[in-house]
């Protein structure tokens, strides 16, 4: 039955959708760089010179540094220079690492992605069945206990959680090392799985707490849908109704959340990587922030911004793929 | 219809002393208080009653699909076996195979992410009805059997690609898949348009006759009962108050409640069926006798009947009463402009580059103090017309005037236009969701007073409270409802609040979009009575949008029939709804089921003739 308050829903095909989203993404990334660029200069109006050269630096050294890096130019010109370099794929050179930012990030990014991916997969393998289990036993002791546990984990800061894990599993039980594997390539890092256990666990616990909640509420929502009743009336058992009908429909919003969760996860990576001294992007970002390494900071922020927009784009696409209703009307 | 013959047979379902209690945090709520019913093979037993009477709970109890908070007592025997004693696995063997179910909401009853074919093969494979590799073929076959066009293609599609009526057919196909002995249909046509409803009911009648399937039809629609039921059981607050052959219960109800329920159903006067169907046959003037038995209609194969699609596009019909009844009769206000005037109003939407005309150069005038009913099926453009009148739909052509002031974009309104706008009240369909759950009833009603600066911007809250009390009184609600919240009220009470809100500013025009379609018949009757009384007292004009022809006949002075974005017929209610001229109006009237079995038989006969002349 139609009502007076019906709203029009925009539609478009997948090509125009992608084109529009990519255009939007470029704008978003530009705005992010502008904001970060401005913030850096607001926070340190005198520039990064002191941080890079040390407190004992003379005024001449500082002036020379500023002139060499273009920090004596007006701010808008500095920003345009940054963009111009960016257009040529040049992120500038690190002040402290003696190498181009792109090289530094290129070395670190794969390792961070590997750790994030492993953490995410481990977390989802636990969180999704946990959410389904809780939803199907809603209000019973198992659900209540897991809810309580997840709330405790969720409200514990991850650096504290990581410290506890280190004390318990590394210092008391001596099962796993407290230091993450060091190495310059992903292969070298993965060659030492024992060292990865605690960083992965620290990351995964938080993700499990978050995503088992999402999965639980999505499953509960779906269990009350009419189609579940229809399936039950066909003589399909409860277990099969859940696995065949409910899980797929409940996963759709959870997977969409995953895309939007990427930036949150990167924030977590900074903590985990510095806690376990893991040679990834997070640690790079952390050290760059402490040493006022502007080019590295800007480069990292750019990567995070790209990851964020790509993540949300992927989330929308996956959602469309899983749900036939949205296939025709992406926008 | 045939109680002697059915009692001689073995019942396929025996319900004895069934009780259902819901254990909630607020104590035990009894939903079914000990009812006994027998269902025989090949019959359609209608279980009727209003919401909360326990009819749906009874049907769910048969399949043991009630939530865990429900405690079921008494026995339900299927083919001699007590269903309560079966294990869950055994019960799953019964569900869908021996007893199948058709649900109320076709829009949500199917899994949105599963292919339609798969949703049918699921039930086939659950009960090993056929080898795995033949299941798909069977599913396609079933889709064809329930009248889905292009079943091969549809089987591969998803539910959202189908209309509500087609989805309901899919749900019926699922129910039919295993040739069950019983089909429980819970309000199978409630969410559908009348013409689609008529088709689904035909399908049910055919199946009961052909395959000896027993139907337990749960419904609140007496017209549906008159159309398909052999026997009727009437439920009231968890009790069975009356049971008997359909004709007897509908024509001479014994229980007090049945009588009240039937009285509340708005009825159309007997239409001039012989005349209508006679014209429909393509021989103007010649009258075909249809008294229960239909004479073989002489269809001329050479020339297309006037009921064909081409004929449906015929120019609209305007009866003598098409123009507003004279001012002398209706004008209770001074001033000469019409309350609402649409002149060649056109509304278009663009979707995927294609332009869809929702309203096609429609002209309609509503005089002051006049109620005009707007009928038609979903998608006919009647809600769009309402939106256009409120300035909520962008006009692609023509213009709309309210009290002589043009309706245009809100931002462009000048003071006089705004004053005209303040004289329009709106009543929405869903009384549950059109009130803010966090506002008290008093705040909900007073909102238009505040927005439009009633009695000057600084009207004291005491003055507003007094006005709210007056309004509550006008809609026959106790004044202490002012401090309650919407969720504490029943659907009918909430719709009265909606009424009170719409008349708060003493409007000259009220636009009501399906204001009673979400309500039970007896509640609907009381809300309509209040609306009629208010209209007589305040003399406002009203655009009453509804799909229910009988309700419109009850309340509207004039009626306009919409079809595909245009008005095809317009005139006095007593003319259009008794002697419709346009083919589409005839079809619409013939599809609206009447609670009177005799009248209903005539309608069905007329519909058959109309349908034949189209084919």
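Here the Cβ of each residue, glycine as well, is placed from N, Cα and C on the backbone.
Among the features that TrEMBL reports, transmembrane segment is placed at A:21-44 (among others).
Taken from TrEMBL, the feature domain 'ABC transmembrane type-1' applies to A:109-315.
Counting only same-chain residues 6+ beyond the ends of the transmembrane segment (A:113-132), those with a CB under 8 A from a CB of the stretch are 146, 186, 189-190, 196, 199-200, 203-205, 207-208, 210-216, 218-219, 242, 246-247, 250-251, 254, 258, 265-266, 269, 272-273, 278, 280. Annotation source TrEMBL lists transmembrane segment at A:113-132 (among others).
According to TrEMBL, the transmembrane segment annotation covers A:144-169 (among others). Residues 130, 133-134, 175-176, 178, 197-199, 201-203, 205-206, 208-210, 212-213, 268, 271-272, 275-276 of the same chain sit 6 or more residues outside the transmembrane segment (A:144-169) yet have a Cβ under 8 Å from a Cβ within it.
Look at TrEMBL and you will find A:189-211 (among others) tagged as transmembrane segment.
Sequence annotations record features per position, and here TrEMBL assigns transmembrane segment to A:254-276 (among others). Sequence-distant contacts of the transmembrane segment (A:254-276) (same chain, at least 6 residues past either end, Cβ-Cβ under 8 Å): 112, 115-116, 119-120, 128, 131, 157-159, 162-163, 166, 178-180, 198-199, 202-203, 206-207, 210-211, 214-215, 218, 282-283, 285-286, 304, 307-308, 311-316, 318-319, 322.
Proximity of distant same-chain residues to the transmembrane segment (A:296-318), defined by a Cβ-Cβ separation under 8 Å and at least 6 residues beyond the stretch ends, is recorded for 21-22, 24-25, 28-29, 32-33, 36-37, 40, 82, 86, 91-92, 94-97, 101-102, 104-105, 109, 255-263, 266, 281, 284-285, 288-289, 330. What TrEMBL lists as transmembrane segment is A:296-318 (among others).
Long-range contacts of the transmembrane segment (A:189-211) within its own chain (CB-CB distance under 8 A, at least 6 residues past either end) are made by residues 111, 114-116, 118-120, 122-124, 126-128, 130-131, 150-151, 153-154, 158, 161-162, 165-166, 169-170, 175-183, 254, 257-258, 261, 265, 268-269, 272-273, 275-276, 278-279.
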